[in-house]
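Let me begin by presenting the structure, written as structure tokens, before commenting on it.
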Amino acid sequence: MAKLSELLKETTTFLKEKGIGEVDFGLILGSGLGELADEVEDAIAIPFSEVPHFAVSTVVGHAGKLVYGTLSGKKVLAMQGRFHYYEGHSMQKVTYPVRVMSALGAHSIIVTNAAGGVNENFIPGNLMLITDHINFTGDNPLIGENEDEMGPRFPDMSHAYTPEYCEVTKKVANAQNMSLQEGVYMGYSGPTYETPAEIRMSRVMGADAVGMSTVSEVIVAAHSGMKVLGISCITNLAAGMQSSLNHAEVVETTERVKAQFKELVKATLAEL
Ligand SMILES: O=P(O)(O)O[C@@H]1C[C@H](O)[C@@H](CO)O1
């Protein structure tokens, strides 16, 4: 099997030929949240399907494009949509874009997602600053041989969600009179939504929100030495807390709060 560093060389050479230069921040835009990439200035957009060694995104609300350019004065490489483990991709494939962002020079990523609210104080439409996560997917993208030039064998996850970035985001939300919840994101594999019993367990375990992405991306970001800001859009109450769950509601809620979400990310990015 080809080494990760060799695959990355092919991908970054392709992207540089397309005009992609230095990157400061990688952005991963979750279900229904991809519109932020439409605000990138001097944009170069490339469908995932054209990028060597990228998977293809199959989920409604995920446009499946890489967008490079300037946002809030920073050079960004945004993923309009992401890959999920439940689509049948390996964790390594799901997180490959984070490796690419790092290889292009990104020192930080901003990850966003749609998530179900477990915390009883949350309501659909809330934005939640992710302060920590629980990897409940049953897998880990770092399983396998460690390429030491990519990062350490045993990465420290004590401060995976960069505390200074959390502070800046809270200050920005406050200055804009925007309500911002905070809490722990618990990542399941999906694609089933959780059962009510799993949600009761998640609450006891310390989760404030549940979702089907993000944890593997953040593990690879930590492995690569990147700083991380994570924001969830609470699109629904978790299983057992409302009558039923569906993806149409998830996308509808992101539609309703996208203006506020975009404002928070742009204003925070300007301060990072
Ligand atoms: O990509 P994210 O985590 O934003 O999307 C969530 C998880 C599933 O893909 C989908 C379920 O409705 O939304």
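Each Cβ is built from the backbone N, Cα and C atoms, and glycine gets one as well.
What TrEMBL says about a protein is an automatic prediction, not a curated fact.
The phosphate binding site annotation in TrEMBL covers SER31, HIS62, ARG82, PHE83, HIS84, ALA114, SER213. The purine D-ribonucleoside binding site annotation in TrEMBL covers GLU194, ASN236. Feature annotation from TrEMBL assigns domain 'Nucleoside phosphorylase' to 25-269.
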C-alpha spacing of ASN236 (purine D-ribonucleoside binding site) relative to HIS84 (phosphate binding site), in angstrom: 19
Listed binding-site residues with Cβ under 6 Å from ligand 1, out of SER31, PHE83, ALA114, GLU194, SER213, ASN236: SER31, ALA114, SER213
Binding-site residues compared (SER31, SER213, ASN236) - the one with the fewest other Cβ atoms within 10 Å: ASN236
Most Cβ neighbours inside 10 Å, all chains, among the binding-site residues ARG82, HIS84: ARG82
Inter-residue C-alpha distance, ASN236 (purine D-ribonucleoside binding site) and ALA114 (phosphate binding site) (nearest angstrom): 9
GLU194 (purine D-ribonucleoside binding site) and ALA114 (phosphate binding site), Cα-Cα, nearest whole angstrom: 14
PHE83 (phosphate binding site) CB neighbourhood, other CB atoms within 10 A: 29
Rounded distance in angstrom between the Cα atoms of SER213 (phosphate binding site) and GLU194 (purine D-ribonucleoside binding site): 14
SER31 (phosphate binding site) and GLU194 (purine D-ribonucleoside binding site), distance between Cα atoms, whole Å: 17
Other C-beta atoms that fall within 10 angstroms of the C-beta of ALA114 (phosphate binding site): 24
Integer mean pLDDT for the domain 'Nucleoside phosphorylase' (25-269): 95
